[in-house]
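Below is one structure; the comments refer to it alone.
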Amino acid sequence: MAMMTMIDVLERKDWENPVVSNWNRLPMHTPMDLLEKQSLNGLWNFDHFSRISDVPKNWLELTESKTEIIVPSNWQIEFKDKSDVPIYTNVTYPIPIQPPYVPEANPVGAYSRYFDITKEWLESGHVHLTFEGVGSAFHFWLNGEYGGYSEDSRLPAEFDISNLAKEGQNCLKVLVFRWSKVTYFEDQDMWRMSGIFRSVNLQWLPDNYLLDFSIKTDLDEDLDFANVKLQAYAKNIDDACLEFKLYDDEQLIGECHGFDAEIGVVNPKLWSDEIPYLYRLELTLMDRSGAVFHKETKKIGIRKIAIEKGQLKINGKALLVRGVNKHEFTPEHGYVVSEEVMIKDIKLMKEHNFNAVRCSHYPNDSRWYELCDEYGLYVMDEANIETHGMTPMNRLTNDPTYLPLMSERVTRMVMRDRNHPSIIIWSLGNESGYGSNHQALYDWCKSFDSSRPVHYEGGDDASRGATDATDIICPMYARVDSPSINAPYSLKTWMGVAGENRPLILCEYAHDMGNSLGGFGKYWQAFREIDRLQGGFIWDWVDQGLLKDGNYAYGGDFGDKPNDRQFSLNGLVFPNRQAKPALREAKYWQQYYQFELEKTPLGQVFAFTVTNEYLFRSTDNEKLCYQLINGLEVLWENELILNMPAGGSMRIDLSELPIDGTDNLFLNIQVKTIEKCNLLESDFEVAHQQFVLQEKINFTDRIDSNEEITLFEDEELLTVRSAKQKFIFNKSNGNLSRWLDEKGNEKLLHELSEQFTRAPLDNDIGVSEVEHIDPNAWLERWKGIGFYELKTLLKTMIIQATENEVIISVQTDYEAKGKIAFSTIREYHIFRNGELLLKVDFKRNIEFPEPARIGLSLQLAEKAENVTYFGLGPDENYPDRRGASLFGQWNLRITDMTTPYIFPSENGLRMETRELNYDRLKVRAMGQSFAFNLSPYSQNQLAKKGHWHLLEEEAGTWLNIDGFHMGVGGDDSWSPSVAQEYLLTKGNYHYEVSFKLT
């Protein structure tokens, strides 16, 4: 093959041949870390060609390129060509569906670089070249000679180049194809990009070297004795022997010799996410005299994974998966993720009570698994197989032609990663239907590695996450107690299926697209109540927003077609890893400490209990802080060191609490770290709870005034003068159109009007696919019925004046396409002290869809820096996403009152507000609390602009006050997912608020 010309190689079209996955690639093995390496990362010469036929026939002889490119990278980011851009699509293939064939217009990245090899390397052993990740397929040549070919963008490709390399300078050339037959198997929900995006390195190996080794840790039933079993393979084994040593820290605890050996460990320290204890294994390949050929060390964890009595168990304890799906993604570099970012992700996950990650939907960089071993995260390792855009979805996965291709993707993943204790589940891929190939791969996994369960969901209605090719029922987006588009069975229905006793772990749930994650707590209530419901993996970790001109881009922003718009933005964190409010909501529901308040039959509080949900960790670094507050100040507080075993509880006496029955009273509880430990800083809050002991809306006595209250009226306006202020009403619609303070300054830039819509959330918009509109989506229903174009019909405006107040009663109908959708009666009470009390009675036509909100909107003239309110905070919160929020008085910057979702929408709401103070304006709840948001952007602008960075700051500040607001939903983002109890279904509503200048 080395004698073949480049044209000969390219004319074979290996990238379209179903039975060719590589040429000359070495078998996969566990990574070898101690052999001498030379990195080839850095600047490479680079040429871009629009199609393979454009590559010059003499390219191998060319010594210059048009440009340079950083390796690792995606060339669509580094090399900007409008004909070859990042493409974001969820399901739809980016190329016509004609497997195994790809378009003739197939962009090519032509890479080349020079490197030196020493004489010692060539004379004393072997030289291997490894590409850790290249997409989607590539050929390479060294010094003009053909080297090899490989596919599978997410696993290493290693080649022995000893016969091609030479002493001194060597020239490496690589042709990378954007599309290949494997494009049909890599149809994941992500940006489609290409290039050499993981490291490239050279490795020197002696003549005698370790080819591979496998470590298994078998524990007895009592978990007090482990056999650490080693099976190793070496080059030239006849001339070598293997020494095997096991260390606990620096203490040697066992050693043996042989390529198939084992060491017994008494009372082993077990690995788990909570206590990720690692032993050090040392392997030494030597000759008979003891001269060392090859030495490797590997950190190993001793642990046991099993499914027993319908539950997935780790070291004998039933696991509750606090998981998240994670793509390899950074906004600056696409698929390239540095170790620094990996550690940052793990730190954030640990801080927010995550214990598991699904590598969606492909094997990650090897370093990721090492870090998960070290810091403690359970991993579902997933094969790089997804055929979501196929019809039927199993068109390829049920075709035996593609079994070898699929087999390599599963078996090579397992062979590389099998020695990591963090990996507790193998996954056969994602959303590829269910075919005979899956069953073959499942059978292979179970025969090769019986120590781990196998997962496969399937993605189509027929499989529902419960085929014979999975040990775990693993539906997507199943709801707790009702069916959904993706999951005909609810979680509770699954628990009643006759003859079914597998554990259920949601491979994807709680789709966090934009302002989402509503109803998340309902899942966790079910997980804690039902033993076989063992958690799940949220979709997903990070917004896939690529940087373009300094701003975050989503599908279509590069002119990419097809595209699925902002469906790439589903993360709990923004692309820069800044937390969204939903992340803190997830932290709250997943927290490892649960609290229960104890009361007498008469309702008197006398104690609370804290329970430790850790399976293995005693509380050795936690303190309990608890306070009695009235929302404004701390009335009483205490702190103690927590002392609980794993799974234990502790009761805290509260009989001495100073409760007098006259004020708002809240019991705030926090669990904090004492010392810095395993990425968590000292004094870091790991759990919190607030109990409302007494709840009162305090009505401050209205301060009377000697000021005369007067009334002026003409054909268009009604003016009330009170406390030297003017309240001017528009008689055509009954709205407060102007408000002048005692100095004549305008307080309003836009009239106080009623509001029933919101800038649509992604969950309101619905489906991901651009070309398809779902008539059941909330936005389509609201638009279709005319809610965004309501016609205001003033029915009556009645004015009553007394010595102390003016009452203006306004009856209004709101017409949608010729029918009355809503009717309201607004009763304005203006008192002599300048206070405006507004009482609103709302009635809806129940034949119409429920509104998003029932409230008010006004544009204040003020633009203050800070806001103070008494209500739920500090983050935004909504009726179905408020678990993490606390009652209290919050003093925040106005910039903290908005959440900058990349795709703008309704945001920043604060629920259960009793009082709001902004500049001179005081808004008080009367009878019940209200919700509000303050923003420099109107709902109208938020609805119209497609990107946050395109929003234009408006004059003053927009204030929205809601008596009632529907939930945000989040079970999924393509079907209406707001639970019934969070919809505004009633026919009548009433709320009251008071406005006053201070």
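Every residue gets a Cβ built from N, Cα and C, even glycine.
Pulled from Swiss-Prot, these are the features on record:
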ACT_SITE  Glu431  active site, proton donor
ACT_SITE  Glu508  active site, nucleophile
> Tell me, how many other CB atoms lie within 10 A of the CB of Glu508 (active site, nucleophile), whichever protein chain they belong to?
Replying inline: 28
> What is the separation, in Å, between the Cα atoms of Glu431 (active site, proton donor) and Glu508 (active site, nucleophile)?
Replying inline: 11
>> Give me the count of other Cβ atoms within 10 A of the Cβ belonging to Glu431 (active site, proton donor).
In response: 25
>> Using DSSP and collapsing to three states, where does Glu508 (active site, nucleophile) fall: helix, strand or coil?
In response: strand
